[in-house]
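What follows is a set of notes on a single structure, which appears directly below.
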Amino acid sequence: MNWGVFEGLLSGVNKYSTAFGRIWLSLVFIFRLLVYVVAAERVWSDDHKDFDCNTRQPGCTNVCFDHFFPVSHIRLWALQLILVTCPSLLVIMHVAYREAKEQRLREIEGENYRCIYPNPGKKRGGLWWTYLLSLIFKAGVDVVFLYIFYRFYRNYTLPRVVKCELPPCPNVVDCFISRPTEKTIFTLFMVVTACVCVVLSIIEAAYLIGKR
């Protein structure tokens, strides 16, 4: 990963964000992205390999694992982080569009051109709407994924033992999940940070509307 490019994107997002937006970005980067990259991927790296069922029936373990883990936590979190950070990049693109338009007018009309955007990063007009919609979208993405996690993994917890009786299992078999306590702790941590991010997005949206 090119960290120089990523650092440039983060500085651009920070530059055009409010104070609440900067807190949100720090929370996403430190408590969600870094935890995901440094720790969470390692915790879930053995989820399928160490999912054991007390049977030697071919295919039973795979079927039970697919039933209890239809989508991996890691892949859901990766998709969530991608979708939740994209709206911030749209704000940067909107500001870049304004700056490019100013530059084009300056080249066509010379130094005496009529300035359309004295401050391209100021949240007025279309940029205000882009920023507000980005906040709504970010909060909506987190809420949707919180619901998905709740539907797939009830109460966001993982049991130590699950009972499976799906074909081709010969009868009701016990299946054991690898490191369920550690995985539950990480899941709850990511859920709490996502909830905090939702609250920050709502507060920032209310701040923007109230300020206008």
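Residue numbering: from 1, along the chain as shown.
In case you wondered, yes, glycine gets a Cβ from its N, Cα and C as well.
Where the annotation comes from TrEMBL, it is an automatic prediction and has not been curated.
So that you can see what the record holds, here are the features copied from TrEMBL:
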- 42-75: domain 'Connexin N-terminal' (DOMAIN)
- 141-208: domain 'Connexin cysteine-rich' (DOMAIN)
- 20-39: transmembrane segment (TRANSMEM)
- 76-97: transmembrane segment (TRANSMEM)
- 128-150: transmembrane segment (TRANSMEM)
- 185-209: transmembrane segment (TRANSMEM)
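Secondary structure by DSSP for the domain 'Connexin cysteine-rich' (141-208): 44 helix, 8 strand, 16 coil. Mapped onto DSSP classes, the domain 'Connexin N-terminal' (42-75) shows 14 helix, 2 strand, 18 coil.
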